[in-house]
Ligand SMILES: NC(=O)c1ccc[n+]([C@@H]2O[C@H](COP(=O)([O-])OP(=O)(O)OC[C@H]3O[C@@H](n4cnc5c(N)ncnc54)[C@H](O)[C@@H]3O)[C@@H](O)[C@H]2O)c1
Ligand SMILES: O=C(O)C[C@H](O)C(=O)O
Ligand SMILES: [Mg+2]
């Protein structure tokens, strides 16, 4: 398929040559005569007569207030045409290119064009068909979009800050046309889903997350901003690709990296002091450090660390209830976690704290909760014998004699760990597709649980640790299954269905953002995140959970988000963090009952309706 595609692309090279000649003619004849424009900034990008897209030179970008509104790499018109042709040929050869939906990317293009033309209509379509289109604008298709971004790029969306913009960000931020921004999703593209370093092309994930902020949380689309901070890439393919849209240098490290992120944070909070910044898909190495650096001074959170943790907790509590046991039995669960990155460690910390709270909320409870977890990473089981252990994983390293009593040792394989521990839960956040092999799933049949739970949470689809078919067919009908990306339920025969839950942070981040906005809390506390997770856990009824449904259906995401946001507002009030929002000041907020808070949230959710427009001279 790939060589076929290359041949087709080569066959079209004569057309590219002809187009190049034409493009050269255009620049030489027009180059001397300047064209007077009466527009600047985004209005130029949206005007087909004047727009040059990525071909605007740096001086033009400065002159026309375009800095930050385009990816950093300036392209020639030849390169632009080449990118377009590569994409066109790819579509011809490979229209069937979706992960589970053969036409996923084609659907994304059509939706994206609508997004460019008519935002109200776009969100109307998205909200009305959220079950069908969430997998297109969000996980898993958004992963494919990022991987093919160079070809798919048409009209820029969001802002780009690059390592080359140091010292300029404070003025660049004013190039964004909206006076008010409520929500920013920012990435540095270093770990996009389970696809690794996609550099500047990772902006797609920020756009996708914000689509859910609008569709699920009713954030106003005119007040959201996707941001890519381009500090280079360590992806060798992109470094060599002439059509790559980002900086072609290795990633900044250490203090230089921090200085860029610091400057960005200062710029956005100077222009919009009440904005909320969601950090998305930063490699683990920076995810924790940046969270600690900013969380007590800025309104920010890390979705992969904190959003995922909350969703996992809700699912883990659901899995306990699905065994017909009370939630309070959670601290007895034996949990094997595969993956000790930003997501895995986030889940482990939150699960340990939840257990400790149930066991009396003191130091000894916190200490003993630790022994319920076995963590396996790329080097196998993590014990205290691990050389150069990651400090974030250190608290979960098994004691050596404790491990050997269980027949385990440093670096033991996942199969050995599952065989010996016989866990209640096997949870994957490893980004390794198929990690829960037949052997691993066979070993899980020895689980001491009456209803073992499998969470294959890695994204996108091909990175899932196993499919629901594999899980149900090997381990048996009586399991709980959840995956990060959507899969269909499984027909188990005899009229029985194996439910596939979607365990994805999309059930929480929109509500965390909306609740924070409407409470006016200056920070996002652990308590607010915990309240969000508990609300999601409580959303599922006893009857639903007993059928194996531990997460709600995506079709109810707007309702879930409203409830989660209300829980976050209530907790912010409880912790005395709420400073109010617009005419609802802190005193008024404190007077509201629980029902009134839910109504307050609902009343502040934007819905896609056409407003009446009237022209007035300035
Ligand atoms: N479902 C969700 O809501 C959700 C949320 C966040 C992240 N994720 C997914 O989780 C995955 C990991 O994200 P991350 O930020 O933690 O990534 P990461 O790169 O920081 O961590 C990956 C971890 O997996 C470990 N690993 C690699 N190979 C392994 C193997 N063979 N066996 C066991 N462990 C192995 C690595 O050592 C590392 O600890 C990604 O696919 C991401 O899409 C899902
Ligand atoms: O983006 C998603 O689908 C979930 C999560 O944030 C991830 O990084 O995989
Ligand atoms: Mg993510």
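Heads up, the Cβ atoms here are built off N, Cα and C, so glycines get one too.
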Among 255, 304 - the residue TrEMBL places in the same divalent metal cation site as 280, 281: 304
Recorded (S)-malate site member, picked from 118, 129, 459, that accompanies 191, 504 in TrEMBL: 459
Whole-number Å value for how far residue 209 (active site, proton acceptor) lies from residue 138 (active site, proton donor) (Cα to Cα): 7
Candidates near ligand 1 among the recorded positions 138, 209, 281, 304, 459, 504, judged by a Cβ under 6 angstroms: 304, 459, 504
Within 10 angstroms of residue 209 (active site, proton acceptor), Cα basis - binding-site residues out of 191, 280, 281, 304, 459, 504: 280
Those binding-site residues in 191, 281, 304, 459, 504 whose CB falls under 6 A of ligand 2, listed in sequence order: 281, 304, 459, 504
Residue among recorded positions 191, 209 with least C-beta crowding, 10 angstrom cut-off: 191
Surrounding CB atoms that lie within 10 Å of the CB of residue 304 (divalent metal cation binding site), all protein chains: 26
Cβ under 6 Å from ligand 3: qualifying recorded positions of 138, 280, 459: 280
Chain-internal residues near residue 281 (divalent metal cation binding site), provided their CB is under 8 angstroms and they sit 6+ positions away: 187, 189, 190, 191, 192, 193, 202, 205, 304
Alpha-carbon spacing, residue 280 (divalent metal cation binding site) to residue 459 ((S)-malate binding site), which is rounded to whole Å: 14
